[in-house]
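First comes the structure, then the notes that go with it.
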Amino acid sequence: MSRSPSLPDRPRLDLDPDMSEAERLEALRQHFTRLVQVNDELDDRLDRAEARGDDLQGEVDELKRRNEALKTSSLYIATVEELTADGAVIKQHGNNQEVLTDVSSRLEDELDPGDRVAINDSFSVQTVLDDETDARAQAMEVDASPEVTYDDIGGIDDQVREVREAVEAPLVNAEQFRAVGVEPPSGVLLHGPPGTGKTMLAKAVANETDATFIKMAGSELVRKFIGEGARLVRDLFDLASEREPAVIFIDEIDAVAAKRTDSKTSGDAEVQRTMMQLLSEMDGFDERGEIRIIAATNRFDMLDEAILRPGRFDRLIEVPKPAVGGRERILDIHTDDMTVDDDVAFADLAEGLDGYSGADIAALCTEAGMFAIRDERTTVTRQDFEDARDKVEAGDEGAVTHDGFGAYQY
Ligand SMILES: Nc1ncnc2c1ncn2[C@@H]1O[C@H](COP(=O)(O)OP(=O)(O)OP(=O)(O)O)[C@@H](O)[C@H]1O
């Protein structure tokens, strides 16, 4: 920036006592003329300074506007790979594009290789993101020792057996599988209506095998920043490696693995990238140690066949709503800690609960208990169960998933 020239010297008036009147008058006139010149020059400078002030204010306004735009526009996620004298080498998540970008002096000291950053359309680093463990913690549920056991699950004994064979046996008898040369299934896909015990099953396997249970909802994987879904998938598998033996449970897998549609929105592309990352993690599964992967969906019909190929989710287990015997068992399980009157016959009750899922039956039992509590009784009666059933069935549609109520058709 050019420096402003120094101010003009203040004109001086030198009057000699020996001057004649005429000479004094002439000196005063010249002084006056210089004063007017200096004044004009200063006026001129003031005008220019004001114009420059206006220019600068314009620049400030423009920067403020751009700043606002940056704050409100979407940002992409990238990881800092290297810091060089020419700037930072960053790799954008999702498309893995590597870019060398300038780093503003504001962020220079904050940035380290490995940091996750948010970048704008011009790849300029806007902010350094929090530690990734935060993102992991938000998106994943990690339970070092879940408490659900196989005995807590009613009405789906065949499915429990199949899951044990496919998931538990390879974890417990890894050596034997290797010795015999049998490849255990890579991934198990549980499919069936909501509330039938799919999550319980995955938790019970983790419990029985002393494995860490790591749950991620498919909807979480697609709701994050662009590029974040694929990253979360990597994090998910990395975390499982750190914690092995581990059971990875991906709920609502249809959110990431739905059939391709014709629409080409960036959201779809993002979901595709997340699915590709998931598939590539599963394809590299052999090198992984004691990690088993279970996914679940209520929308089997929507799944992209790519995820069902051998080596991926190649063991499909349907988890249906319980039949009458199963419903009776689930009633037993969920009233285990309740004091139930002798007049309650679970076999009869179960007959009338056609179409109820395990979750519906659990809700029914709680509701029956609430009727007893409202009446200040300690024993739950047959009438309480009937009232509970009326309430559940008359209650908000959709809350009950049994036939004729929920929108779900399986
Ligand atoms: N087969 C079952 N036996 C006993 N309880 C069950 C059974 N199925 C569901 N429940 C009850 O319903 C609750 C929800 O079940 P769970 O989360 O396992 O269902 P889900 O099939 O994973 O459902 P969603 O598809 O909605 O995720 C359980 O915590 C349990 O109380």
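Just so it is clear, glycine is given a Cβ too, placed from its N, Cα and C backbone atoms.
What you are looking at is a predicted structure, and each value in this text was computed from that prediction instead of being measured.
Here is what TrEMBL says about this protein:
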type	residues	note
COILED	32-73	coiled coil
DOMAIN	184-323	domain 'AAA+ ATPase'
BINDING	Gly195, Thr196, Gly197, Lys198, Thr199, Met200, His334	ATP binding site
Protein Cβ atoms within 10 Å of Lys198 (ATP binding site), excluding its own: 27
Secondary structure at Thr196 (ATP binding site), reduced by DSSP to three states: coil
DSSP residue counts for the domain 'AAA+ ATPase' (184-323), split into helix, strand and coil: 64 helix, 32 strand, 44 coil
Sparsest-packed among the binding-site residues, when each Cβ's other Cβ atoms within 10 Å are tallied, from Gly195, Gly197: Gly195
Candidate with the highest Cβ count within 10 Å, taken from the binding-site residues Thr196, Thr199, Met200, His334: Thr196
Residues Gly195, Thr196, Gly197, Lys198, Thr199, Met200, His334 [recorded ATP binders]: greatest CA to CA distance in Å: 17
Within the predicted model, mean pLDDT of the coiled coil (32-73): 88
